[in-house]
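Database features, via Swiss-Prot:
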| type | residues | note |
| --- | --- | --- |
| ACT_SITE | HIS120 | active site, proton acceptor |
| BINDING | ALA23, THR27, PHE34, ARG35, GLN102, ILE104, ASP105, HIS120, THR187, SER188, ASN213, ILE231 | NAD(+) binding site |
| BINDING | PHE34, ILE104, ASP105 | nicotinamide binding site |
| BINDING | CYS128, CYS131, CYS148, CYS151 | Zn(2+) binding site |
| DOMAIN | 1-242 | domain 'Deacetylase sirtuin-type' |
Amino acid sequence: MQQFEEVRTILEKAKKITVLTGAGASTESGIPDFRSANGLYADANVEMYLSRGYYNRSPKEFWKHYKEIFQINTFHQYKPNRGHRFLAELEEQGKDITILTQNIDGLHQVGGSKHVIDLHGTLQTAHCPKCKMGYDLQYMIDHEVPRCEKCNFILNPDVVLYGDTLPQYQNAIKRLYETDVLIVMGTSLKVQPVASFPQIAKREVGATTILVNEELTGQEYNFDYVFQNKIGEFVEGLSSIK
């Protein structure tokens with residue numbers, strides 16, 4: 001309980017809080033961890049189907065697999081969970097908080113967070129590769145192969161595909177170097193370059209670092225506080241302190 005008290009005090013005093021979230025932030029909403037043994041990435045061909053090269057070569061087939069892999073026709077059923085709401089509430093209290101998320105579900109924004117950097121893009125939108133007009137998830141659901149209404153070009157999803165660079169990487173690094181506190185929630189820290197963020201925050205920036213993850217990551221030495229809990233349990237622990 002002492003750790004919860006200390007972390008609550010740290011969050012109350014912090015000027016700039018940065019939160020890195022992974023799949024564990026969304027599994028409590030019922031969204032499968034795509035990288036788990038039984039997840040949607042378990043198919044050996046998934047990396048090919050979700051690659052920039054495949055989209056460029058076979059955009060119609062790409063959209064078929066994209067919709068199947070991410071099950072976008074049922075995506076509206078997923079709702080923000082207590083972890084999403086907790087982060088949004090911190091922002092509503094006036095905290096300068098930015099979320100760096102590896103998730104592509106858009107639930108941080110749906111939950112009310114305003115300052116979110118989608119490191120791997122988002123399933124919620126797509127755009128025309130020619131005129132850049134944006135389209136929402138419902139438009140993608142309604143059209144087997146979604147095309148721009150103006151240009152008739154097949155839409156480009158706003159998820160970062162294999163073979164793409166991370167367009168938001170520099171923005172994320174800039175935020176890391178400004179932060180007082182880094183909270184890492186629901187990620188195994190196995191995927192680079194995101195896996196290096198805790199070390200940057202602790203060793204180079206001198207920020208207080210907090211890990212919330214059910215399983216150990218092998219990077220516990222980069223954290224001042226380690227909570228081997230579900231995110232909902234962590235939030236409950238903080239909330240129980242009077």
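Yeah, the Cβs are placed from backbone N, Cα and C, and that goes for glycine too.
Shown here: features listed in Swiss-Prot, placed on the structure.
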residue: ALA23; record: NAD(+) binding site; DSSP (3 states): coil
residue: GLN102; record: NAD(+) binding site; DSSP (3 states): coil
residue: CYS128; record: Zn(2+) binding site; DSSP (3 states): coil
residue: CYS148; record: Zn(2+) binding site; DSSP (3 states): coil
residue: THR187; record: NAD(+) binding site; DSSP (3 states): coil
residue: ASN213; record: NAD(+) binding site; DSSP (3 states): coil
(message) Tell me which of the binding-site residues ALA23, GLN102, ASP105, THR187, ASN213 ends up closest to CYS151 (Zn(2+) binding site) in space, Cα to Cα.
(response) ASP105
(request) May I have the list of same-chain residues other than CYS128, CYS131, CYS148, CYS151 whose Cβ is within 8 Å of the Cβ centroid of the recorded Zn(2+) site, in sequence order? (result) HIS127, PRO129, LYS130, LYS132, MET133, GLU149, LYS150, ASN152, PHE153, LEU155
(request) Could you measure between GLN102 (NAD(+) binding site) and HIS120 (active site, proton acceptor) for me? Cα positions, answer in whole angstrom. (result) 6
(request) Determine, to the nearest whole angstrom, how far the Cα atom of ASP105 (NAD(+) binding site) is from the Cα atom of CYS128 (Zn(2+) binding site). (result) 20
(request) Identify, in sequence order, the residues in the chain of ILE104 (nicotinamide binding site) that are 6 or more apart from it along the sequence and have a CB within less than 8 Å of its CB; answer 'none' if there are none. (result) PHE70, ASP118, HIS120, GLY121, THR122, LEU123, VAL159
(message) Can you tell me which of the binding-site residues ALA23, THR187, ASN213 is spatially closest to CYS128 (Zn(2+) binding site)? Compare CA atoms only.
(response) ALA23
(request) Could you state the whole-number distance in Å separating the C-alpha atoms of THR187 (NAD(+) binding site) and CYS131 (Zn(2+) binding site)? (result) 36
(request) Taking only the Cα atoms, work out how far ALA23 (NAD(+) binding site) lies from CYS148 (Zn(2+) binding site), in Å, as a whole number. (result) 31
(request) Provide the number of Cβ atoms within 10 Å of the Cβ of GLN102 (NAD(+) binding site), excluding the reference atom itself. (result) 20
(message) Within its own chain, what residues at least 6 apart in sequence put their Cβ under 8 Å from the Cβ of CYS148 (Zn(2+) binding site), listed in sequence order?
(response) CYS128, LYS130, CYS131, MET133, TYR135, LEU155
